[in-house]
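Peer 1: Among the features that Swiss-Prot reports, active site, charge relay system is placed at SER49, TYR112. What Swiss-Prot records for TYR138 is active site, proton donor. Annotation comment: Swiss-Prot describes LYS167 as active site, schiff-base intermediate with substrate, evidence class a curator's inference.
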Amino acid sequence: MPQSALFTGIIPPVSTIFTADGQLDKPGTAALIDDLIKAGVDGLFFLGSGGEFSQLGAEERKAIARFAIDHVDRRVPVLIGTGGTNARETIELSQHAQQAGADGIVVINPYYWKVSEANLIRYFEQVADSVTLPVMLYNFPALTGQDLTPALVKTLADSRSNIIGIKDTIDSVAHLRSMIHTVKGAHPHFTVLCGYDDHLFNTLLLGGDGAISASGNFAPQVSVNLLKAWRDGDVAKAAGYHQTLLQIPQMYQLDTPFVNVIKEAIVLCGRPVSTHVLPPASPLDEPRKAQLKTLLQQLKLC
């Protein structure tokens, strides 16, 4: 089985649950993990954008990775986000993830400098060479300021056999279509996962493999059921779930960054966890909590 086969379907980018003093809330995180696995997800991604990796130090990231891997205990594949602004720390975190027992790593491009294509390729190759784990690229140009183009991704897939997929977080059907055509056309087992809830259906229609999207934290059943209907050949039923997913991104407009929105949605949908977030994020105020509750109720998610 190709390494990439581990990372298809619905893989929530798990929110990191914190205590009021900013420490990892182990019981809260464990309960969320258990809920998601029971919901039928295909894997779990820790320390992505929604996991607040960018607000954490390297040792904190290692501790969270270790806890998550140990608690999942091989029930589903685990991806650990290891990217950042410098190659040395990314390599250190990637090697730690491998030693801790991760199934793969997710690596975003450096996001302070605008990096030349040659240097981007070198960066990802250095990270891929530092581990034997499967490496999933992470494209989020709205936050990094720099797109990983399909041509660049194909070059990386050509170059390193353990670069096996991409989380393509971009609000563009054309970009997803080109990524699938360009990279999967040359490497059929290369995994293309969308990063936005409302792109899951069209990603599957285009020949992609699933989603790593935020609603997996508070409404995993919608994406899980959409994918099941798709795999069963019931396109009309899948399209019905798509109608719900189309409405979810409006919730994320309630604040920036919207990690607080996700945690409040988890609570409103029935899992009482701490909604503490790390600066520069801040708690969602009461008026916006009320707006969020109304949106979730309109979609019959709570």
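Cβ atoms here come from the backbone N, Cα and C positions, even for glycine.
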Peer 1: Just checking, which of TYR112, TYR138 (active-site residues) has the fewest C-beta atoms within 10 Å of its C-beta?
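Peer 2: Comparing Cβ neighbour counts within 10 Å for the active-site residues TYR112, TYR138 gives TYR112.
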Peer 1: Taking only the Cα atoms, work out how far SER49 (active site, charge relay system) lies from TYR138 (active site, proton donor), in Å, as a whole number.
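Peer 2: With the alpha carbons as reference points, the distance is 10 Å.
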Peer 1: About how far apart, in whole Å, are the alpha carbons (Cα) of TYR138 (active site, proton donor) and the residue listed as 'active site, schiff-base intermediate with substrate'?
Peer 2: 5
Peer 1: What Cα-Cα separation, expressed in whole Å, is found between LYS167 (active site, schiff-base intermediate with substrate) and TYR112 (active site, charge relay system)?
Peer 2: 20
Peer 1: When DSSP is mapped onto helix/strand/coil, what comes out for TYR112 (active site, charge relay system)?
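Peer 2: Where TYR112 (active site, charge relay system) sits, the three-state DSSP reduction gives coil.
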Peer 1: Helix, strand or coil by DSSP: which one applies to TYR138 (active site, proton donor)?
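Peer 2: Assignment for TYR138 (active site, proton donor) reads strand.
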